[in-house]
Each structure stands twice: as structure tokens, then as C-alpha cells.
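Per TrEMBL, the features are as follows:
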TRANSMEM  12-29  transmembrane segment
TRANSMEM  41-60  transmembrane segment
TRANSMEM  80-103  transmembrane segment
TRANSMEM  123-144  transmembrane segment
TRANSMEM  150-173  transmembrane segment
TRANSMEM  185-203  transmembrane segment
TRANSMEM  223-246  transmembrane segment
TRANSMEM  266-294  transmembrane segment
TRANSMEM  322-352  transmembrane segment
TRANSMEM  372-393  transmembrane segment
TRANSMEM  399-420  transmembrane segment
Amino acid sequence: MINSTRKISLWSAVGIGVGAMIGAGIFALMGEAGAIAGKAVYISFILAGILAAISGYSLAKLGARYPAAGGIVEYVVKSFGVNIFSGGISVMLYLATIISLALLAKAFGSYSIALLNMKGSLLYTNIFALSIMVLLGIVQYFGIKKVVKFQNVAIIITIIILVIFATTGLITMKPELMATALYPSSNKILFSIAITFFSYEGFRIITNTAEDIVNPGKNLMRAIFISIAITMVIYTALAIAIFGNLEVDKVIEAKEFALAEAAKPIFGIVGFTIISIAALFAISSSINAVLYAATNISFQMAKDGHLPIFFAKTIGNTRQGLLITVLITVLLIIFLNLLQIAAVGSITVLFIHSVTHLGHLKIIRQTKASKFWVATALLATLAVIVLFLIYSIKDSFTILYLFIGILALSFLIELVIRFITHRKVDKGSKGISGEIFS
């Protein structure tokens with residue numbers, strides 16, 4: 001983020017990636033994915049991990065060629081130029097990132113009141129959600145070294161707890177509960193990939209470290225692959241441990257508390273408490289990583305003219321984009337119900353991934369990536385979107401309408417900023433002319 005506070009090592013980048021994935025994934029999505037894939041949800045996590053790795057290959061190649069704090073924002077600009085399309089996509093990514101932050105903060109609040117037996121209080125949920133956002137905003141205000149230090153401590157504690165739980169769960173599991181006869185149809189497993197893939201979505205956060213990471217040409221791809229591999233092993237082991245100790249109905253009933261509920265038969269109420277605490281560490285770790293990415297995204301967008309220039313100005317050891325991002329997230333936490341937006345948020349991010357892979361094919365000679373794997377990443381991401389929409393519209397078209405709304409809002413914001421700043425873009429432009437909110 002700020003050169004004076006560089007650098008991020010390979011394993012610190014891995015920690016950021018794993019932290020972003022685990023917090024938003026296994027704790028929040030196991031129940032939802034289990035409701036579709038049942039006992040076979042571990043297969044869904046494996047397949048989704050493979051898809052994430054393929055997508056990660058494309059992003060890593062782009063990051064190695066164009067190491068910039070903005071990550072995907074920078075790649076879209078390099079592929080399509082600085083224009084209304086790249087601007088709209090950039091705004092969409094920033095909005096999706098803020099939505100993710102608000103969702104994670106809400107989840108932190110929910111786990112907090114459950115742990116303290118204060119269920120049913122929206123006020124206390126929001127108080128805990130706001131507290132974690134402000135706390136982590138302060139941590140990042142003091143610079144990237146504080147981000148890395150917090151991230152490393154949080155993810156180590158989380159992984160230790162989850163590994164102990166998964167190992168014990170695998171030892172005590174009842175094999176008959178995992179009999180293949182209990183598996184759902186293959187179609188349901190494929191539908192569930194749309195959800196389990198989102199649990200890996202945090203790996204893209206690693207691309208936002210490209211400007212800070214040591215030797216990005218080698219370490220960016222290594223960090224992405226290692227973090228996905230670690231996360232896949234943890235997800236798979238936990239899925240087997242959970243469904244090997246609980247009936248599907250119990251997991252679905254527990255929803256986001258599926259891990260804590262699965263700990264009860266093994267460790268009792270103490271296990272429930274420990275896993276709940278692990279959830280708080282994991283979610284806070286995820287918020288930390290996503291907030292770091294959001295700051296870099298807003299910085300890159302300000303440089304490219306898609307946000308006011310004050311987003312890029314330095315304050316303390318970070319940039320003003322951090323404070324603005326925290327403020328917007330706080331407003332979302334207070335005023336919005338984000339249950340349905342969670343689903344549309346995943347669709348939005350997947351759409352941005354597909355656009356990024358499509359753009360990569362345009363400049364693939366510059367990145368020297370494999371055309372086969374980049375094309376596979378594009379097709380796989382589009383397939384996940386289609387599967388998710390097929391599953392969601394069976395009950396309601398709301399998610400589809402919300403996605404279209406976010407798409408329209410993103411381009412509207414881009415057009416308004418262009419109108420206010422009188423910013424003009426040359427044909428095929430790699431830069432902009434005119435002042436940007438200066």
C-alpha cells in the first residue's frame with residue numbers, strides 16, 4: 001500500500017489469502033451448500049477448489065505482468081483501456097468488495113451474540129459488527145506491517161482450532177453416515193459448486209498485494225496456489241468431519257453455526273464455544289484481508305479516474321480510501337438487510353472474474369499465459385454463474401433483478417463521475433485527460 005512499509009513475504013501473502021477465504025467460506029456457507037449437496041458437499045468443495053485454482057492461474061499471470069495495488073481493476077484497464085466499460089466494471093468491483101465487508105461484519109456480529117447467548121438482538125449484532133470494522137480500520141491505519149501481523153496471528157489461531165476439530169471429527173465419525181447411497185444426484189452437486197466456489201473467492205485478494213509482495217513474478221502465483229490448496233484441504237476435511245458426525249437435517253438447521261453444532265457431539269458445549277471463537281477469528285481475519293484489498297482497489301480507481309483523487313491521498317501509513325471504505329461499510333451495516341445481497345454479491349464478483357479472463361485473452365501475448373487455461377477459467381466462471389442463477393431463480397427472480405440493478409448502478413456512477421469531472425478518454429486510451437476532482 002505504501003512503499004515505506006513494504007514488503008509482504010510469500011507466506012504472509014498466503015496468510016492473507018487463506019484468511020480471506022476461510023472467514024467467508026466454511027463458517028457461513030457450509031449449511032447452505034450442505035442443503036443442496038448433502039453428504040457429498042466435500043466433493044463440491046474439491047471441484048470448486050480446482051476451479052478456483054484455474055481462475056487463480058489467470059489472475060496470477062496478470063498480476064506478475066502488471067504488479068499493481070488495484071489487482072483486477074488494473075487488469076481490466078490494461079485489457080480494455082480507460083473507458084466507460086472498464087470504469088463501470090471497476091466501480092462494480094469496489095461495490096462488491098464493500099458489500100462483502102458489510103456481510104462479514106454482520107456475520108461477526110451474529111456469531112458474537114450467539115456466543116454470548118444474546119440471540120435475537122439486531123442492535124447488539126450491529127454494535128459488534130461496527131466495533132470490528134472500526135477496530136480493523138485502526139489496525140490498517142498504522143500500515144501494512146500491522147495488517148500482516150494481525151493476519152498471521154488470526155489465521156494461525158483459526159487453522160490450529162480447525163485442524164484439531166477436523167482431525168478429531170474424522171476419528172470419531174460414523175462411516176455409515178457417509179455412505180454413497182446417501183449422496184444426492186450429481187446435478188445437485190454441480191449446483192452447489194456455485195456456492196462453494198464463492199467460499200474460495202477470497203483468493204483474488206492476493207492479487208492486491210502484487211505491489212507489496214516480494215518478487216511478484218514468482219511469489220504471486222505460488223501464494224495463490226498454496227492458499228487455495230491449504231483452504232481446500234481444510235474445507236474437505238471439515239465437510240467430511242461434519243457430515244460424518246451429523247445428519248443432513250441437523251446441519252441445515254444449524255445453518256451458519258454448522259461447525260459449532262457439529263462440535264457438540266464430539267466436545268460438548270466447550271466445543272461449541274471454541275469453534276464459535278474460531279469463527280470470530282476467521283471472520284475478523286477475512287474482514288482484515290478484504291478491507292486491505294478495498295483500500296488498494298479504491299487507490300487504483302482514483303489513479304485511473306474512476307473515483308475522486310482524494311481516495312489516493314496518504315493519511316497516516318495508509319490512504320484516505322481506507323477511511324471512506326470503512327465509513328460506507330458502517331452505513332451499510334446500520335441501514336441494510338444484506339441476506340439477499342449476499343447472493344447477488346457472489347454473482348457480481350463471478351461476473352467480474354469472467355470479464356477479467358475475457359480481457360486476459362486480449363492481451364495474452366503480453367502475459368505469456370496459456371490460452372487454454374485462461375479460456376478454461378473464463379468458461380468455468382461463466383458456468384458457475386449460470387448454475388447459480390438456475391438454482392436461485394427456481395424460488396425467486398429477486399437475485400437476478402438485484403444483480404441487474406448493481407450492474408446498472410455501477411455504470412451510472414461511472415457516467416456521473418465523467419460528467420462532473422468533464423473527463424475525456426482518447427480512443428484506445430491507456431490514460432485520461434483532464435483533472436480528477438482536484
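Each Cβ is built from the backbone N, Cα and C atoms, and glycine gets one as well.
Those TrEMBL annotations? Automatic predictions, nothing curated.
Listed by sequence, the residues of this chain that lie at least six past the ends of the transmembrane segment (150-173) yet keep a Cβ under 8 A from its Cβ atoms are 12, 15-16, 18-19, 22, 26, 136, 139, 230, 234, 237-238, 240-242, 244-245, 259, 262-263, 265-267, 271, 274-275, 277-278, 281-282, 284-285, 288-289.
Counting Cβ pairs under 8 Å to the transmembrane segment (266-294), the stretch among 41-60, 80-103, 185-203, 372-393, 399-420 with the most such contacts is 80-103. Long-range contacts of the transmembrane segment (185-203) within the same chain: residues 17, 19-26, 28-29, 32-33, 36-38, 40-41, 43-45, 47-49, 51-52, 56, 224, 227-228, 231-232, 235, 286, 289-290, 346, 349-350, 384-385, 387-388, 390-391, each at least 6 residues beyond the stretch ends and with a Cβ under 8 Å from a Cβ of the stretch. Beyond its flanks by at least six residues, the transmembrane segment (41-60) meets 30, 33-34, 71-72, 75, 189, 192-193, 195-197, 199-201, 203-204, 207, 220-221, 224-225, 228-229, 231-232, 235-236, 239-240, 243, 353, 356-357, 360, 369-370, 373-374, 376-378, 380-381, 384 of its own chain at Cβ-Cβ distances under 8 Å. Contacts between the transmembrane segment (372-393) and the transmembrane segment (123-144): absent, as fewer than 3 C-beta pairs lie under 8 angstroms at sequence separation of six or more.
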